[in-house]
Amino acid sequence: MEDAYARSIAEVLDFFGVDPMKGLSDSQVTLHSKTHGKNVLPEETRTPFWKLVLKQFDDLLVKILIAAAAVSLGLALINGETGLTAFLEPFVILLILAANAAVGVITETNAERALEELRAYQADNATVLRNGCFSILPATELVPGDIVEVSVGCKVPADMRMIEMLSNQLRADQAILTGESCSVEKELEVTIATNAVYQDKTNILFSGTVVVAGRARAVVVGVGANTAMGSIRDSMLHTDDEVTPLKKKLDEFGTFLAKVITGICILVWIVNIGHFHDPSHGGFLRGAIHYFKIAVALAVAAIPEGLPAVVTTCLALGTKRMARLNAIVRSLPSVETLGCTTVICSDKTGTLTTNMMSVSKICVVHSVHHGPTIAEYSVSGTSYAPEGIIFGSSGMQIQFPAQLPSLLHVAMCSAICNESILQYNPDKGSYEKIGESTEVALRVLAEKVGLPGFDSMPSALHMLSKHERASYCNHYWESQFKKVSVLEFSRDRKMMSVLCSQKQKEIMFSKGAPESIVSRCSNILCNDDGSTVPFSAAVRDELESRFRSFAGKETLRCLALAFKQMPIGQQTLSFEDEKDLTFIGLVGMLDPPREEVRNAMLSCMTAGIRVIVVTGDNKSTAESLCNKIGAFDHLEDFAGHSYTASEFEELPALQRTLALQRMTLFTRVEPSHKRMLVEALQHQNEV
């Protein structure tokens, strides 16, 4: 069903003839399975080995060499030559060609696995409602019309239309598909956007994406190749192979050489027609063969036998060097194409950035005794690894952050008011998340702040194994504050709260959108002495100014943190409890750029290569990231250099051509737009 996002829930359910309370019957499953097939991405038909070998000889120069070797061997046999002399020349030529083919086949066989990577994003199992009962089935058995339940940590098994929310909200991480650095909130309402792209379809869960918050039910609307992931695979399969600049030049050279050699050979043979009768040859026919051999010898001498071998060896060395730098090379000549490149289109999320949300700024109230003074801290580290340093506003490292009252409470609240999991994966050698990326960023922040009362804390933490270190401080806070009750995040409140018990004391921690938290605060925690003072209008104005700076100029995703002492023995929370809070601080986070990106981009620009950043993310977020990278400092602003996919498509043909020549940023795109951009650039003779 192509337009499920634009249809109401009732229309979608009627289309598949499914009861949301019972699911599909066995007969319906059988029928839908016959119509739509299995929920798997069909395997690419692999090129047979013999075809791969023959492909390596599909080159004019190589064909000329084979012909020369065959003629040379034939003439040697006609003349009755035996031994090494008869086979030496053809053998050397064929040896060079065999080496050339071997390198090509090995490289292309390794590269064919690239498409198979997409299959890794498919889910293994799904919780499905059939015949009125829920059961866990292999995801490959899903059919359109199946009712599926998803929750935190689930990989979405097919393209599905949301039909019922089982929690206050549902959020999905669809960076793999759209490049959005933040998770996306899903809803039940119909999408009314015209020319809707994947980012607009907020009622659709896409196959291969991951649920990071909440629980919901959805109806399957697309399986296998008829999913968003399937359309990417199809477009990859149907990409026409471009002839590389080197291949073009070698083909031109081969054609020219073939014509010249043929002409010279015929000329040499014709010029010597008068000598065919020479008695020394023993007859006219033998004379003709003698001068034909001379012409062939001339042809073989004129052909640069070593050229294919030298070219292949150079490209193979280039491939080996690139493989060391983690580059996948699908075919040898593409290595050479890099030397002719004029434009590089680069993804943003996960390529220019780490795709790991990290807290980069903390803002707390230092003191209010002589007017409000705000303390701002910077946090280093660009991944989920619990390694990073906290710097004061002067740029000096804070040796023991946990000794500062506000930073200590930031760590407490970050650890307690959190539903995510941070863990170390020894197989991949990296730290991984389960849950919302913003919550994992807070977990990592709690680790960077450390624990109170340990002067040797930073060095002591380094003694732990990576598995223990992943959430050591978080586990400490969770052992100190036992969770009693949780008020989940909701769209109207824009916050969540957790009631905890610690040594006969009850305390509530809250986190949420700054405007929601600040409006509910009546006190603030001071960072200089840990005192709690009333929230004055002056402090409120100063904090709102910092928030505007974080969210506006720096485009950070901001969260405010607060706490409240609760009556002893309280066991439940209500929305009425979320008032008269004590403000702790403000944290700003972002998907950080990789440290090596700026120099890489400047190297490209120095080499005359234009870089276009392509992303499914918002325009303002992408422009801010480009400013942070610092490689686009030569642009005064992005006007005329930055376009969304819809803006670009609406341009008249002439303006579109001009826009392509100036473009440095292409945002809100889906995979089909990337292909359109590359093809448009190729039409302008860009490599």
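Keep in mind that glycine also has a Cβ here, set from the backbone N, Cα and C atoms.
Here's what TrEMBL has on this protein:
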DOMAIN    3-77  domain 'Cation-transporting P-type ATPase N-terminal'
TRANSMEM  60-78  transmembrane segment
TRANSMEM  84-106  transmembrane segment
TRANSMEM  256-274  transmembrane segment
TRANSMEM  294-317  transmembrane segment
Checklist outcome for this item: What DSSP reports for the domain 'Cation-transporting P-type ATPase N-terminal' (3-77) is 47 helix, 3 strand, 25 coil
Checklist entry - What same-chain residues lie close to the transmembrane segment (256-274): Cβ under 8 Å, and 6 or more beyond its ends? => result 60-61, 64, 291-292, 294-296, 298-299, 302-303
Next on the checklist: Within the domain 'Cation-transporting P-type ATPase N-terminal' (3-77), what mean pLDDT does the predicted structure show?
Outcome noted: 84
